[in-house]
Amino acid sequence: VGLVYMFNLIVGTGALTMPKAFATAGWLVSLVLLMFLGFMSYMTTTFVVEAMAAANAQLRWKRMEKRKEDDEDEDSSSGVSDSDVLLQDGYERAETRPILSVQRRGSPNIFEITERVEMGQMASMFFNKVGVNLFYFCIIIYLYGDLAIYAAAVPVSLMQVTCSATGNHSCSVGDGTKYNDTDKCWGPIRRIDAYRLYLAAFTLLLGPFTFFNVQKTKYLQIMTSLMRWIAFILMIILALIRISRGQAEGHPSMAQLSGIRNLFGVCVYSFMCQHSLPSLITPISKKKHVNKLVLLDYILILAFYSLLSFTAIYCFRNDTLMDMYTLNFTNCQIINVAFIRYFLGLFPVFTISTNFPIIAVTLRNNWKTLFHREGGTYPWVVDRIVFPAITLIPPVLVAFCTHDLESLVGITGAYAGNGIQYLIPAFLAYCSRKDTQLVFGSGTVNKHLSPFRHTFWIVFVLIWGFSCFVFVTANIVLSESKL
């Protein structure tokens, strides 16, 4: 069940922008990069699992030490003679002091993952103050990017489905006609005006959730997962039917280096699960083969992404592929069943709308944690108004200024996603190994040690992560200077 959850978590909105990124970078480059980034993501997932085990061991050890101190305090304040203590030592002391505190040092189960330790808590355990602040900065930027993508994706889908230059609703959206934002939508209202009206409605409907706690979303999440699977399978089947009938229009190139920047960001974004691993891995009862099962998950996800993207790039011409792949199926020539057209066209609206409040609340809580001072509380205005406002306003402003989803996903993945997926797990693995050696001695082996246990892999991930920052930045600067 944990691995099904993990599959659902990874295969999210990022997958809908992947076909366009595949088409612009070329199929061979895209496939190689997708496989390599999948491998890198798997490696850092094992780093996070290892750090979780080390954090559990540290927490257990601290509790044992505290118990030992409490027992010693009780012994010293009991007021009995030394001879009485010696006589009773074989029985009484053994009954009152937990056996674990004496024998657990060499126990193989000290690294058992039984307690959920979130990434923020691991950062505060293993990093210094600067490292903790950088961690929260990275998480906050990533969540802002997430919210901006969500805030743009819903109005874009609504605008594309309800607007068309011909006035024939939803029939010519995916026919390859490129619309400008200044084209008319309904009467005097332009497409960009319709987009901003939908954005305003989206903000007014879902924004207030940021000011409260979102709880009991289980049924919403089940419904969202079901709809997601129906939509993805439908798109793959429809594309395959079109290809088998000889109606395929796609002639994808093998490699186009100019498209790598966005593809890199989309792929990083599409393999993101590291920040949610504590909630997914901890409830799994038998964790002996967890790394092998996670690897199986990654292989299935890789196969799924490849199938979705390859059917897309061979079914549709490069210039007709939309940022949000679902919108390619809102054309009457592709599918003549109106219900399926509307279902696929509006699919992002339903699924993203259920995720937006959850991510907004997560971001708000991260802001609170970042500024939290030990033992202090916030004034009501700051707690209930300021934090929700700084959570909600920036992503809505970004969505107001741009609805280029491919770039939004690309930049979020390439910067904040790079930090969360590569740099933070690598530093967590390195620091947790050092701490484990200090506390338990160099002979102790973490039972959840990553298969990539050599320091070379940590250095490799760090070099890769930092070089990606440089590459993406250079690419953006060069492409902007050309413009």
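Any Cβ shown, glycine's included, is placed from N, Cα and C.
Feature annotation from TrEMBL assigns domain 'Amino acid transporter transmembrane' to 6-52 (among others).
For 27-57 (among others), the entry in TrEMBL reads transmembrane segment.
The domain 'Amino acid transporter transmembrane' annotation in TrEMBL covers 120-452 (among others).
Among residues of the same chain six or more beyond the transmembrane segment (126-145), those with a C-beta under 8 A of the stretch's C-beta atoms are 51, 54-55, 119-120, 275, 359, 362-363, 366-367, 369-370, 394-395, 398, 408, 411-412, 415-417, 419-420, 423-424, 427-428, 431-432, 435. The transmembrane segment annotation in TrEMBL covers 126-145 (among others).
As annotated by TrEMBL, transmembrane segment applies to 195-214 (among others).
Marked as transmembrane segment by TrEMBL: 226-243 (among others).
Per TrEMBL, transmembrane segment is recorded for 293-314 (among others). Remote same-chain partners of the transmembrane segment (293-314), defined as residues 6 or more beyond its termini with a Cβ less than 8 Å from a stretch Cβ, comprise 3, 6-7, 10-11, 15, 18-19, 22-23, 27, 30-31, 34-35, 38, 41-42, 45-46, 49, 232, 235-236, 239-240, 243, 248, 250, 252, 270-271, 321, 325, 328.
The transmembrane segment annotation in TrEMBL covers 334-363 (among others). A Cβ distance under 8 Å defines the sequence-distant neighbours of the transmembrane segment (334-363), meaning residues of its chain 6+ beyond its ends; these are 12-13, 16, 140, 143-144, 146-147, 150-151, 153-154, 157-158, 160-161, 170, 173-174, 202, 206, 209-210, 213-214, 217, 220-221, 223-224, 227-228, 230-231, 234-235, 238, 242, 324, 326-328, 388, 391-392.
Per TrEMBL, transmembrane segment is recorded for 456-478 (among others).
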Field: Non-local residues, at least 6 beyond the ends, that sit with Cβ under 8 Å of the transmembrane segment (226-243)
entry: 8, 11-12, 15, 304, 307-308, 311-312, 314-316, 325-326, 329, 334-335, 340, 343-344, 347, 350-351
Query: Taking residues 6+ outside the transmembrane segment (456-478), which of them lie with a CB under 8 Å of any CB in it?
result: 40, 43-44, 47, 260-261, 264-265, 414-415, 418-419, 422-423, 425-427, 429-430, 450
Statement: Per DSSP, the domain 'Amino acid transporter transmembrane' (6-52) contains 43 helix, 0 strand, 4 coil
